[in-house]
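A.B. asks: A single structure is presented below for examination.
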DNA sequence: TAAATATTTAG
DNA sequence: TAAATATTT
């Protein structure tokens, strides 16, 4: 499989959030250069980049192992290093005499700052540095409003971008063979990164729910195209229906290219196997990811500062007890608690339920969206630098194209509407499993004999009607 | 990607 | 008088 080119100088492919071999522009460019390829990953430390959360660290561990195995099969390996890339990359490049570096671009401020500095350093030393577009369907800022500014509302953003999407865009096939650089290069053992949780190891539920790595990503896309996409328009909002793509963590770590996902969905639509409405609904969800990254590129502080001005002095409540009831899934609202427990157990949460649980924290409890964002950041396997803060600000009403302040999700009616059969709540809140459907989302109304023991399942920590009125008053006041 | 409430309409 | 529709928050 592998071809040695002895005496040749290598090119480096720096893997980051693109842990795959297929549809990988940087790898493709390196392979087609004809020079031997050195594949490198750097666990970034000592930079300004936001440290990964626990669930993301677990996923990264498995994904790196998977990529290394895939490279092994082609006769190569993934060189692992840790530290500041601005120190590591020049060191590795010098030690092997690399003449070129290829990587796929990233769009967060801290990451692109690192890349810019590094690019200048290496070019000064005669190393060609080439960055490639792979993370998004559209480069941020490439399409602007008619007045030449950045889009701030999703609908016009997507209306301007969607027509430019076409099958086959941006795709490179997986290389059949790779000529690897064969000289030994120092690599640290993956285990030394200490990415897998210990004492305690809480990852069993994640392992049951997910298969990190490129093969797992591909299998997930195939499964979604086979069962999910065609009923996506009707059932994507029903957490028990299983119509979600579940591709988000695979996209987060770049185990599959977003261009490949969009391509296959458009192909399914063209072939007539998928209703146009279903395909468009799904593509629009990918569009929200695009929009979030577009927004982060014009507002780098998305994770820390309110996008909408006027919230600086908002009277967020400090309530450690309520926050803890929320994180552990003991608010007394079944749909909220099911969501928070799904997150804790599986490292993910259905999109509809993310909105409900986020709304509950921000509106009913008046707790700062940033605390919720941080909890999600730590517990989600798909925690994304742009999508996560974007979503939180959207719900809180502080973001771009945000939900209006008076939009307060009703956890009772949302539960009844989107989990009418109770399959979702019964799965994650088993202490309510015996309640009939009509009481499942309002257990406090059950007759005493049926009502759950308050020690086993608590009554609501805040009355919905009171919480709603309090939120409306607080949010109306800041206007 | 909302909910609550007021108002109108159908029967 | 329930259901559909409009308005307000």
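Cβ coordinates come from backbone N, Cα and C, glycine included.
Since this is a predicted model, take the numbers as computed values, not measurements.
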A.B. asks: Given TrEMBL annotates A:232, A:244, A:245, A:246, A:247, A:248, A:382, A:383, A:384 as FAD-binding, which of A:282, A:360, A:409 belongs to that site as well?
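C.D. replies: That FAD site, as TrEMBL gives it, pairs A:232, A:244, A:245, A:246, A:247, A:248, A:382, A:383, A:384 with A:282.
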A.B. asks: Please report the number of other Cβ atoms within 10 Å of the Cβ of residue A:369 (site 'Electron transfer via tryptophanyl radical').
C.D. replies: 23
A.B. asks: Here are the recorded positions: A:232, A:282, A:316. Which has the lowest count of other Cβ atoms within 10 Å?
C.D. replies: A:316
A.B. asks: When DSSP states are folded down to helix, strand and coil, where does residue A:392 (site 'Electron transfer via tryptophanyl radical') land?
C.D. replies: helix
A.B. asks: Please tell me which one of the recorded sites listed here (A:316, A:369, A:392) sits closest to residue A:383 (FAD binding site), measuring Cα to Cα?
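C.D. replies: Out of the listed candidates, the nearest Cα belongs to A:392.
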A.B. asks: Applying a 10 Å Cβ distance cut-off over all chains shown, what neighbour count does residue A:383 (FAD binding site) have?
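C.D. replies: So the Cβ neighbour count for residue A:383 (FAD binding site) comes to 24.
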A.B. asks: When the Cα of residue A:282 (FAD binding site) is compared with the Cα of each of the recorded sites A:316, A:369, A:392, which one is closest?
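C.D. replies: Comparing Cα positions, the closest of these recorded sites turns out to be A:392.
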